[in-house]
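Engineer: So that we are looking at the same thing, I have put the structure below in structure tokens.
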Amino acid sequence: NATSVKEFIFLGLSENQGVQKICFVMFLFFYMMIVAGNLLIVTTVTSSQRLNSPLYFFLCYLSFVDICYSSVTAPKMIADFLVENKTISFVGCIAQLFGVHFFGCTEIFILTVMAYDRYVAICRPLHYTTLMNRRVCGRLVISSWVGGFVHSIVQTLLITQLPFCGPNKIDHYFCDVHPLLQLACTDTYAVGIIVVANSGMITLSSFIILVVSYAVILVSLRSQTSEGWYKALSTCGSHITVVILFFGPCTFIYIRPSSNLSEDKNVAVFYTVITPMLNPLIYTLRNEEVKNAMRKLWK
């Protein structure tokens with residue numbers, strides 16, 4: 001089916017000129033922080049001999065995915081704060097949709113893998129080296145990428161099959177499934193259900209797995225010494241913070257049917273910009289080993 005819409009126009013986060021200028025400075029700073037912070041973690045982990053445990057192997061990939069994930073939406077959003085017409089071509093829009101879901105879903109799977117890693121480390125310490133050897137870790141990371149790709153392809157194909165014959169204004173700052181479903185010139189109820197089943201279920205089930213794994217970890221810690229308690233809680237504490245910041249907003253947006261809630265774009269800022277920016281801070285501030293490796297790197 002032919003598409004008559006050749007480009008879309010974003011309404012962005014705000015239509016107020018003053019607010020847009022403040023947002024430009026603020027989000028440019030956020031984006032620079034995301035790239036610098038996550039690059040620092042990738043460099044530290046790859047160049048340090050001491051940070052060779054699975055936890056850091058996954059952390060390195062998480063930081064890499066964070067850079068890619070925010071780069072799909074942030075640069076375009078920042079540039080749009082300075083222009084009157086925030087346009088994007090149809091192909092550009094579909095590419096952005098694919099990128100957001102590919103990297104976003106990969107991040108969800110990597111966070112789930114990291115929770116499994118913590119579970120094995122704390123609940124089955126004697127079998128840790130055999131259960132989480134290099135091959136297993138490599139496979140888990142590859143599975144995360146493949147899972148993200150499959151999820152994203154499904155979402156993208158669903159949207160590209162829809163006819164768009166105008167209007168072409170998207171009440172958002174990037175191309176996502178829900179805002180696009182509202183612009184399609186056909187009944188999108190069935191597609192909407194599939195989207196919720198796909199995105200919503202991945203987010204919710206991963207979130208439930210994460211919560212359960214942390215509950216199991218905390219229960220198993222009861223017999224530990226206070227020092228063991230503290231060490232385990234500090235590694236898990238940082239992870240739980242990231243999970244709540246990322247999954248809370250994600251679940252809010254994808255677990256319900258499509259609706260034109262103007263809050264959606266404000267909520268989306270959390271998982272596209274805020275979480276990728278906070279990840280390096282949360283993981284390094286709570287972790288002595290990473291801090292020491294960074295000091296060495298600076299020297």
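A Cβ is built for glycine as well, from the same backbone N, Cα and C atoms used for every other residue.
Copied straight from TrEMBL:
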DOMAIN    37-283  domain 'G-protein coupled receptors family 1 profile'
TRANSMEM  24-43  transmembrane segment
TRANSMEM  55-74  transmembrane segment
TRANSMEM  94-116  transmembrane segment
TRANSMEM  136-154  transmembrane segment
TRANSMEM  189-221  transmembrane segment
TRANSMEM  233-255  transmembrane segment
TRANSMEM  267-285  transmembrane segment
Engineer: Residue list, the transmembrane segment (267-285) vs rest of chain: Cβ under 8 Å, 6 or more residues beyond ends.
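Structural biologist: Sequence-remote neighbours of the transmembrane segment (267-285) are 13, 27, 30-31, 33-34, 37-38, 40-41, 59, 62-63, 66-67, 69-70, 73-74, 100, 104, 172-174, 176, 238, 241-242, 245-246, 248-250, 252-253, 291, 294.
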Engineer: Using a Cβ cut-off under 8 Å, which residues of the same chain at least 6 positions beyond either end of the transmembrane segment (94-116) come close to it?
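Structural biologist: Residues 55, 58-59, 61-62, 65-66, 68-69, 72-73, 76, 88, 140-141, 143-145, 147-149, 151-153, 155-156, 159-160, 174-177, 180, 199, 202-203, 206, 209-210, 213-214, 239, 242-243, 246-247, 250, 271-272.
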Engineer: Taking the domain 'G-protein coupled receptors family 1 profile' (37-283) alone, what is its mean pLDDT?
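Structural biologist: Across the domain 'G-protein coupled receptors family 1 profile' (37-283), the average pLDDT comes out at 88.
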